[in-house]
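Below: one structure, written as structure tokens.
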Amino acid sequence: MWACVSVASKSSQSLILLSAVFFSWGLLTSANSILVPYFQSTFSLSYEQSMLVQLAFYFAPFAISIPTSALMARKGYKLSLTVALILTFLGSLCLCISLYADSFVFALSAVFITAMGVAALQVVANPYIIRTSNEQNETKRLTIASTFNSLGTTIGPIVLGIAMISIGLSNIYLVLSALLVLLACTLYSSSITDYRSAESVKILSHLATLRHQPQFIFGAATIFVYVGVEVSIGTVTISYLSDPNIGGFSAPVAATLMSLYWAGSLLGRFGYSIFAQRLSAMNTLFFGACIAMILLSVAILLPSLFGGVALIMIGLCNSFMYPIIFSRAVSGLGDASGAASAILIMCGIGGGIIPMMQATLITRFDVPTSYLIPVLCYAFIASFAFIAKKRGLSIVTA
């Protein structure tokens, strides 16, 4: 009996600590979105130049994901996650210093370091929470952790906006640095179960094996598209709402309204975690993507405040997509799950590429027309769900 209690206690402890990690990178990701208009104003940048912040943030996984996966194989998940938190701390501290130094190049470099830390957190934390689960509840536990990620993303703009007025952005990152160190120390001193691959020297062979896993390849492409469309809508919709001919809001008000978009993702994940046991994951993913396409069509055909509301509501559709796609992509991969996670996090580069694609349409046409890019993205996500369901790859969450 005591053994069962001990296992249950470790399971709960791991969920709490890993959820805190999910929360931290959600907060840092939303903070990065705030940096775009802040840098544009502070350093007198063009719109294209300010988008370098997003590009740096989402390009970072290419530099860190594979090394992190190798570290997981050799030193275990727990130490790797601690190192990732320390890297994130260093990036946040450098960003604090760069803002005092008033240097855009230094600040952009600090964003890149922070983003590498965030990417490393994702590489480790996603498979870590799956390894501490069983096949019956892995998607549910990942959804719960993702809910805390959405919580960090949602309250980030609100808390940071208030804090910027009172203590300034540089001091905000100083506080974040301290919290990250505290979390790293707590994790390292905890008793949660550690994991490592039994074949630590075969990380490259794992990567080669993944090439022959069609569900993983399709899942990786879908993660690329999903991250890209989520970031793109979250960024461009501020322009949609602040356009004098559409929403007519000031830029600060439009940015505040976008917190509702992330709040929708939070509420949706919370609701999905409650009803996940009764739902087919692939059916949920398919219908969510279809509803998102309908809402986008409203925004394109009816460019108005009503269209802006439709765009904000897409946050609800996005809420459950990531845990479903990720858990489907890595399901049954065993020791290769670490390498698979690294590839999936690298696919987050979509968050830098797809917004650029939408920005190109804005330049050539207008803001409403640019949402044709997200429509195509959700069509791709729907096809992933449909094909996976048709081939019997659907997972029923528990």
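All positions are counted from 1 along the displayed chain.
Each residue, glycine too, has its Cβ placed from N, Cα and C.
Whatever TrEMBL says is automated annotation, not expert-curated.
Features of the protein shown, as given by TrEMBL:
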- 15-39: transmembrane segment (TRANSMEM)
- 51-72: transmembrane segment (TRANSMEM)
- 79-100: transmembrane segment (TRANSMEM)
- 106-130: transmembrane segment (TRANSMEM)
- 142-166: transmembrane segment (TRANSMEM)
- 172-195: transmembrane segment (TRANSMEM)
- 216-241: transmembrane segment (TRANSMEM)
- 253-272: transmembrane segment (TRANSMEM)
- 284-302: transmembrane segment (TRANSMEM)
- 308-326: transmembrane segment (TRANSMEM)
- 338-357: transmembrane segment (TRANSMEM)
- 369-388: transmembrane segment (TRANSMEM)
Stretch contact, the transmembrane segment (106-130) with the transmembrane segment (369-388), Cβ-Cβ under 8 Å, 3+ pairs: no
Beyond the flanks of the transmembrane segment (253-272) by at least 6 residues, Cβ under 8 Å: 30, 34, 37, 143, 146-147, 150-151, 153-154, 156-158, 161, 233-234, 237-239, 241-242, 247, 279, 284, 308, 311-320, 323
Recorded stretch, among 15-39, 142-166, 216-241, 338-357, maximising Cβ pairs under 8 Å relative to the transmembrane segment (369-388): 216-241
Any contact, the transmembrane segment (338-357) to the transmembrane segment (51-72), with at least 3 Cβ pairs under 8 A: yes
Range from 51-72, 172-195, 216-241 with most C-beta pairs under 8 A to the transmembrane segment (79-100): 172-195
Cβ contacts under 8 Å made by the transmembrane segment (15-39) with residues that lie 6+ beyond its boundaries: 45, 50-51, 53-54, 57, 81, 85, 88, 92, 104, 107, 111, 114-115, 118, 121-122, 125, 128-129, 132, 141, 144-157, 160-161, 164, 169, 172, 176, 179-180, 183, 186-187, 190, 192, 234-235, 238, 251, 255, 262
Leading stretch by Cβ pairs under 8 Å, where the reference is the transmembrane segment (142-166) and the options are 172-195, 216-241, 308-326: 308-326
Within-chain partners of the transmembrane segment (216-241) [C-beta distance under 8 Å, separation at least 6 from its ends]: 33, 36-37, 54, 58, 210, 247, 249, 251, 253-255, 257-258, 261-262, 299, 303, 307-308, 311-312, 314, 318, 321-322, 325-326, 328-330, 333, 340, 343-344, 347-355, 357-359, 362, 367-368, 370-371, 373-374, 377-378, 380-381, 384, 387-388
Contacting positions for the transmembrane segment (172-195) when only residues 6+ beyond its ends and CB under 8 Å are counted: 10, 13-14, 17, 20-21, 24, 27-28, 31, 76-79, 81-82, 85-86, 88-89, 92-93, 95-96, 99, 128, 131-132, 160, 163-164
